[in-house]
Amino acid sequence: MPMEKTFDPAAIEAKWARLWESRGLFRPHRPDATPFTIVNPPPNVTGALHIGHALDNTLQDVLIRYERLRGKDALWVVGTDHAGIATQMVVERQLNERQQKRTDFTRDEFVDKVWEWKATSGGQITRQLRRLGCSMDWSREQFTMDPHFTRAVVKVFVDLHKKGLIYRDKRLVNWDPKLKTAISDLEVETHEVQGGFWHFKYPLADGVKLDDGHDHIVVATTRPETMLADMAVAVHPDDARYKSVIGKFVELPITGRRVPVVADEHADPELGSGAVKITPGHDFNDFEVGKRAGFKPAEMLNMFDGDANVIQTADGLIPAEYLGLHRFKRDGIDGARELVVQRMKETGFLIPHTDKDGNAHDAEPRTIQTPFGDRGGVVIEPWLTDQWYVDAEKLAQAPIQAVRDGRIQIVPKTWEKTFFNWMENIQPWCVSRQLWWGHRIPAWYAEDGRTFVAETEEEAQAEAGAGVILTRDPDVLDTWFSSALWPFATLGWPDDTELLKRHYPNDVLISGFDILFFWDARMAMQGMEFMGEVPWRTLYLHGLVRAPDGQKMSKSKGNVVDPIGLIDQYGADALRFFMCAMESQGRDIKMDDARLAGYRNFATKLWNAARFCEANGIAASTSLEAPAATLPVNRWIIGEVADTVAAVEAAFAAYRFDDAANAIYSFAWDRFCDWYLELIKPVLSQKPSPLQGRGLGEGDEAVPAPADGPLSPALSPEGEREIAETRAVAGWVLDQILVMLHPFMPFITEELWTGLGDRADYPLITAKWPAPNAARDAAASADIDWLIKLVSELRTAKAELGLPPGARLTAHFPASLKDRADKLAAQLDRLARLETISFDPAPAGASAQLVVEGETITIPLEGVIDIAAERERLTRALAAATKERDSLAGRLNNPSFVERAKPEAVEKARTDHAAKEAEADRLSAALARLG
């Protein structure tokens with residue numbers, strides 16, 4: 001059946017996604033081949049595909065398809081994360097819509113409802129990954145709450161506890177007062193908030209005074225409410241103003257608490273008064289200062305409950321009027337902050353701020369970087385609480401060494417410094433969460449306070465004794481704890497499965513740099529602890545996908561791009577190719593509709609090239625090796641294929657997705673479609689060149705050959721051989737393009753592969769990567785490269801001189817080019833559109849000079865154009881372009897503009913300057929051609 005005239009991405013995408021999966025072509029099925037394994041970073045089961053997912057999964061699929069074509073036993077592990085907080089919130093919102101809440105149910109009843117939600121609504125993102133063309137092994141789809149995965153999680157927790165690497169401790173956590181749980185740093189977003197900077201007097205106790213005679217220390221704070229739990233005032237040890245009072249005490253207003261003045265380098269002598277209030281129970285920096293000052297976490301004061309309402313501190317010094325107040329003003333009711341400021345003002349301990357107009361205010365206005373929970377949407381409270389922690393410092397040592405000795409390669413290498421800096425200063429990892437949905441912590445408590453950690457309740461009971469009443473820990477594990485086991489638990493661990501033996505370690509992990517520490521590093525820790533080997537040999541970190549103006553995408557900015565919408569508009573192949581072509585190591589990607597449209601056009605061009613081949617009797621190749629060829633154009637294109645294969649392979653080896661994509665793009669569009677198919681048209685049609693008989697070569701007269709079917713009996717044997725050779729080479733080259741392009745654009749390439757040949761039982765996805773055994777033919781390459789340069793120069797000259805592309809001109813060649821011109825007569829006639837080629841000296845007068853590889857070809861212009869008028873037009877245009885170019889250069893050379901203007905304005909000026917500079921150069925060249 002002939003190919004459709006137009007390319008319809010939607011139709012072929014649905015067809016091939018279904019056929020590939022139904023035929024099991026995504027599964028590893030080559031037991032004797034070298035395995036190649038990637039695990040997909042498990043997206044949240046609640047999630048929808050965002051543009052970052054599209055980039056991440058496209059890069060993985062490109063590698064999987066590439067290695068599959070190279071004959072490896074490729075496994076791409078797919079699955080979803082149970083996403084504790086996110087999933088619990090989704091289900092709670094559904095309950096709220098029915099005027100119900102989570103606490104209306106028992107824990108088990110609520111968890112059952114979450115499982116019901118997953119069964120009906122939890123597969124959106126996996127359906128979207130299929131639309132992107134991801135060739136994951138869907139038959140082994142994983143979920144982090146599956147029974148076998150849960151068994152692995154519990155075993156890891158218990159084993160780490162036995163080794164002393166998991167323990168319970170009192171430390172500060174990011175507490176979300178709305179969700180009432182600790183959250184990870186990744187779930188904290190920092191926003192700029194307009195707030196205040198209050199200055200308070202803290203009286204020195206026991207009659208002590210500063211050297212300047214003052215009886216108080218001035219402290220400044222953005223959180224006045226936390227003074228109710230202050231435990232110290234810190235000053236820099238070298239700050240001469242306070243040396244005499246280090247070790248003395250201040251008596252806090254409101255509470256009357258005596259707190260020491262401590263020396264700590266955290267205090268900055270250049271900032272404010274140089275003294276800072278220390279609240280270890282509600283500030284991460286203060287927590288560390290407090291520990292250095294000798295306070296144990298158990299002694300640190302906590303003034304908030306889980307709702308961020310004021311509670312009494314352990315010393316009982318907070319006045320009753322503050323108890324029960326929220327930390328901030330809420331619903332029109334003053335909070336602890338407002339009341340503290342009011343009391344400090346009333347008692348004379350508030351130092352007002354005077355603005356530039358002389359007006360007094362309680363606080364100095366400040367823009368404050370404030371942490372918010374990304375899901376709860378409220379300000380995070382650093383909160384002192386008992387949680388479970390992993391001794392990350394000990395677990396980090398093996399991955400650090402693995403990166404140092406090269407067992408783990410981080411690409412780009414520039415990320416190694418960041419990796420080492422974080423891992424070498426790693427803090428204990430809080431792994432407990434106050435949720436109902438998730439992996440329940442396998443710990444049970446006896447009434448006497450003893451803790452029993454075991455894989456089952458029966459084991460815990462046996463350890464505690466038959467008569468001991470046990471209560472299970474109500475918390476669940478951090479989602480990152482379970483997903484850290486992904487590289488080996490998905491392969492069957494803790495069972496010693498064949499899949500685990502074959503596919504661990506994984507080969508490569510593709511990850512966004514933003515989860516390097518939350519997921520990647522923790523996988524390395526757990527993998528090396530429990531498997532004794534690195535989880536993957538290469539860690540590739542990509543950047544962000546940004547809005548067209550370079551801003552980070554966010555819902556609040558309204559600049560989020562839906563990848564499914566892009567697939568609907570441009571096709572999955574175009575989106576995938578865009579992601580790869582733009583993926584340059586260490587750089588973010590800017591969305592660009594023009595480029596997306598360009599890659600959609602690339603798919604259309606490939607489709608049309610295949611239609612041309614079909615219409616001209618060019619069929620699928622039957623050989624992996626290049627056909628025998630004698631014609632220079634065929635020998636040239638075979639060499640170009642070999643060079644392109646080598647370039648693509650080198651790019652993949654270096655994880656240069658952009659170089660690989662651009663190499664095949666350049667070859668397919670430029671070399672094959674724009675040049676080769678044009679160059680072989682004279683061969684396929686066998687029309688004698690009108691230049692024959694003018695010294696350009698000999699040849700039998702020929703009649704046009706039919707596009708398909710038997711060759712004309714009037715055609716010479718040599719003509720028949722040339723057509724057959726050219727069809728074979730063209731078919732083989734198109735096959736190599738389809739194979740090389742398949743990892744990037746799987747849908748259109750599979751459709752063309754099957755449509756151009758009887759290969760229904762030999763799909764492209766399982767074909768073989770090109771291995772051309774032909775080297776570049778230097779002579780053929782030199783001839784065709786020269787021809788391409790000549791035609792390009794001639795086309796440029798026509799455009800510059802305002803001549804139509806089809807204008808036939810006379811050209812004077814140097815005698816040294818006669819043999820080459822004879823050999824390429826047919827191609828010169830078709831592509832160069834020359835009326836006459838002469839080897840005599842050019843006549844005097846205006847002419848265009850084309851310099852190709854050091855040889856000058858002259859095109860007389862007398863009688864072709866109005867020389868004087870054209871010179872005048874070009875002179876005016878050049879003056880205008882030069883003026884605008886110089887004006888833009890002046891702006892760009894002005895530091896005031898470059899430093900103060902919006903980045904997008906500066907970038908536009910640079911782009912415009914480059915365009916005007918190129919225009920001026922082009923016009924100058926055109927003037928020079930006129931002589």
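Here the Cβ of each residue, glycine as well, is placed from N, Cα and C on the backbone.
Within the same chain, residues 80-83, 86-87, 90, 118, 122, 124-125, 128-129, 132, 143, 512, 544-545, 553, 560-564, 591 sit at least 6 positions outside the motif ''HIGH' region' (43-53) and bring their C-beta atoms closer than 8 Å to a C-beta of that stretch. Annotation source Swiss-Prot lists motif ''HIGH' region' at 43-53.
Annotation source Swiss-Prot lists region 'Disordered' at 351-370 (among others). Counting same-chain residues at least six beyond the ends of the region 'Disordered' (351-370), those with a Cβ under 8 angstroms from any Cβ of the stretch are 190-201, 218, 222, 341, 345, 379.
Sequence annotations record features per position, and here Swiss-Prot assigns compositional bias 'Basic and acidic residues' to 353-365.
Residues or ranges marked as ATP binding site by Swiss-Prot on the basis of sequence analysis: K555. Long-range neighbours of K555 (ATP binding site) (same chain, six or more residues apart, CB within less than 8 Å of its CB): none. K555 (ATP binding site) carries neither a helix nor a strand DSSP state and counts as coil.
Per Swiss-Prot, region 'Disordered' is recorded for 691-717 (among others).
Secondary structure of the region 'Disordered' (351-370) per DSSP (helix as H, G, I; strand as E, B; remaining residues coil): 0 helix, 12 strand, 8 coil. According to DSSP, the motif ''HIGH' region' (43-53) comprises 3 helix, 1 strand, 7 coil.
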